Amino acid sequence: MRMITFFLVGLTVHIVFFLSIFDIYFTSPLVHGMPPHATLLPPPASRLILIVADGLRADSLFMPLHNGSSRTPYLRSIIEEKGTWGVSHTRVPTESRPGHVALIAGFYEDVSAVAKGWKENPVEFDSVFNQSRRTWCWGSPDILPMFAKGASGDHVYTHTYPAEEEDFASTDASRLDTWVFTQVKSFFHSAKSNSSLKAYLLEDKNVFFLHLLGIDTNGHAHRPMSQQYLNNIGLVDSGVAEVVSIIEEFFNYDGRTAYVFTSDHGMTNWGSHGAGHPSETLTPLVVWGAGVQTAQRATDPQPYIDEYLQDWKLEEIRRVDVNQADIATLMASLIGIPIPVNSVGVLPLPYLNNTDHFKAQSMYTNALQVLEQFKIKMSQRKDTTLSFFFTPYHILKTTKSQLDCLVYYHTYDRFFLGCSVVLGFVGWTSYVVLLILKTHASLIRNPTRVFMCLAVAIVAFLLVQKSPMTYYIYCLLPVPVWYSVLKESGTLTDLIHSAPSLPLWKCLSYFLLVALGVELLVVSFFHRAMLTLGLAVLSLWPFVCGIFGRSKLRSLSWFFSCLCLAVFPLMPVMGRESNIHLVLCGGVLTFFTSACFLFSLWQRSVLHPCDRQQFAVQMLHVVVCAYVPFLTHSSLQQKQGLPLLNQIISWTTLASSLLVPLLSSTRLFHRLLSILLSLTATYLLLSTGSEALFPPALSWLMYVWINIEQEAMLAQGVPGRQELSTIDFSANIDISKIRQLKLDDIRRSYFFVFFIITAFFGTGNIASINSFDPTSVYCFLTVFNPFIMGGLMMWKVIIPFIIVMCTFETIQVVTQLSSRSLFLIVLVISDLMALHFFFLVQDYGSWLDIGTSISHYVIVMSMTIFLMLLSVVTHTFTSQRLALWRRPKIHFP
């Protein structure tokens, strides 16, 4: 009961630490209650046409062909003659929702909004569409509803195609764009004979939004260098030219229409987006029409240090770069509507072609709108006591920009909350260390009762501050944690008194090695090659510790398996092409190693006929699952879609992957083999290349680790060795055989954490959404569904975790050590890493650096919480059994 209580308390503490990062770094930048501001002078345009080519890279649009011509002749002519062009710089995450919110609402949505709601808005926000008189939208059902639902009234009209049309296996994804162009042309054609609709269209302050998803879909399915992607860009160019012609004709060439052509994000060469690679953050912007400056010749060298102008053959045409949120401010100024009240965009004056009076008035309106947000944020902090303790006055003295002030007040509580979380972290880790010492050193406890007055003072302080409820949790959590630490202070005192009797040099050596090991794991988050270095060092362990003299075969197996696994962190994460033949090799390798393992197992123990049949079926199933991606890939290449049989096999395999092992024997190696075959079958269905070889390589090392740990126990003189083939997971552990903790158990726990990190980063840096390849889920579905696709990709990541966790569960049984003791050491190592990453979180530098530092902390905290939950699941997974048939008892020697 006590262990359950500790588990629940530990889980709660880590969930609080995990959630704190969202209150500290992921708080919404929005404030409410500001009045809208608009330029009072007559606007140059009566209507605005916004065209967003989803997933279009800047270089794909601007780069000329080898013969000097352009694949987008119409937009190229606009750039050279009629409009102003530049690069729109996006922010991380480069996803569809944040990109469109920045474009249309003018602010950068916090990263957590992507997870909170892809179609539903986690917060209400103002937008250009909301401020317009009327807005008509055509395009994707994933994008348009978020702006319609956020608008007041019913003046935003959306026209979307069915979600099933967003199919990556489509014969031609460009038909999504063709649908939009056809609908727009039909709309204006029908308006000619519809008097009421025509009257609406002739009014001012109208917006027309064309969302073109075909380029993004073709990029995911075929890569941005493919002919499908490039041809789709040409189709968009001709479609834009036709739509502009129809609109100009409808409005009698009145010269009152402004056009904005841009993209929400770019795309990497390997068909993904979400991180900060320039191919994702650099998007095209072309603006022309009423109130827009025409193309200007550059007489002086342009102030851009990149070489894009030369590559794009545009060095003679003035280039005007903007931040993505600036586009919303520009659109509002062109048609004379209020700037969205939460916009942080700055009006890009070089795009405007109007009087100096109008430009000055527009700048003044922009400043007023930002000032309103500043007033609200400042009023929320008025007379705050925290300002006396935590306000960095040097920042206040140097802050001149209103936008800088908004950032300052948005991050106002960051230092205060950070101190509270760090204090709780240190207290919790100290408590776990003392708990380990008390349990295994037979030291006394000296209870202490304090902190009641401190808790009351903290509550009073937060009440004066009018702080949110979550602040009470972060600030009060360290109080009971440190109270528990002081209750166990007698343990630390007795340890100090007993220090002379301890092997100090050995303790210091272990402490130094673990500290260096933890640093290596931290660095591996930034440089995956450090895992290769770590595996190379671990390969020498049996030779250094004297195990080689006892078991040469197992030591050599450990050496070579470590070196084989060390190859994977050196493989490229992003940009690699699919290689289905390696998936077939992964299936064959798994079949071969399983057959060898099964043969050796057969030699050492009795296999029930039912077990033999199950293993045979599972091994054949692995081969089938290795062949299914090959058939699927061939079918999609031939534009025949996803075969139904392949889809049925994939989903059936996924659904049964956690149930089939429960049918096998609970004998140690019997159950482990069944788990490996079941999980590898699913992993192969989610593989596209060399990562398919990772599970058999990892499993080989885990098998050797189990065997060599038994040799390590013999080298230490631990008696009571039991033959591995006779160990049963379901057998009740004899408490009398549970031994005291030894220094070598710290090494075992570190090995486990190292292998968990290796399983995490071995085949990819999933700290970045950028490494996810959508083609890995094509055996299951091809129609775009971010939640199902994300869930399948996460399951692919979890499978190596389960393999390592099951191995660690086996190590606990083999070494006759309480699972609680080993897990507490793992918890300390993981928390030290998490605390390290908490200090590495930064809110300065590039958005990629900021996002990476935050994601590292989130990953380590998620891993800690996940391991606590997965340890319970793994215990059930290894020890429980579904008895569908009766089996006769077999007596093992």
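Every residue, even glycine, has its Cβ placed from backbone N, Cα and C.
Listed features, source TrEMBL:
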{"type": "DOMAIN", "residues": "405-846", "note": "domain 'GPI ethanolamine phosphate transferase 1 C-terminal'"}
{"type": "TRANSMEM", "residues": "415-437", "note": "transmembrane segment"}
{"type": "TRANSMEM", "residues": "449-465", "note": "transmembrane segment"}
{"type": "TRANSMEM", "residues": "471-486", "note": "transmembrane segment"}
{"type": "TRANSMEM", "residues": "507-526", "note": "transmembrane segment"}
{"type": "TRANSMEM", "residues": "532-549", "note": "transmembrane segment"}
{"type": "TRANSMEM", "residues": "556-574", "note": "transmembrane segment"}
{"type": "TRANSMEM", "residues": "580-602", "note": "transmembrane segment"}
{"type": "TRANSMEM", "residues": "614-632", "note": "transmembrane segment"}
{"type": "TRANSMEM", "residues": "644-663", "note": "transmembrane segment"}
{"type": "TRANSMEM", "residues": "749-767", "note": "transmembrane segment"}
{"type": "TRANSMEM", "residues": "787-810", "note": "transmembrane segment"}
{"type": "TRANSMEM", "residues": "854-877", "note": "transmembrane segment"}
Can you give the mean pLDDT for the domain 'GPI ethanolamine phosphate transferase 1 C-terminal' (405-846), rounded to a whole number?
81
For the transmembrane segment (644-663), name the stretch out of 415-437, 532-549, 614-632, 787-810 with the most CB-CB pairs under 8 Å.
614-632
Among the ranges 471-486, 556-574, 614-632, the one whose Cβ pairs under 8 Å to the transmembrane segment (415-437) are most numerous
471-486
As a test: from 449-465, 556-574, 787-810, pick the stretch that has the greatest number of Cβ pairs under 8 Å with the transmembrane segment (854-877).
787-810
In the same chain, residues at least 6 away from the ends of the transmembrane segment (471-486) whose Cβ sits under 8 Å of its Cβ atoms read 13, 16, 20, 23, 413, 417, 420-421, 423-424, 427-428, 430-431, 434, 448-451, 454-455, 458-459, 462, 465
Cβ contacts under 8 Å made by the transmembrane segment (614-632) with residues that lie 6+ beyond its boundaries:
580-581, 583-584, 586-588, 590-591, 594-595, 598, 642-643, 646, 649-650, 653, 660, 663-664, 673-674, 677-678, 680-682, 684-685, 687-688, 692, 778-779
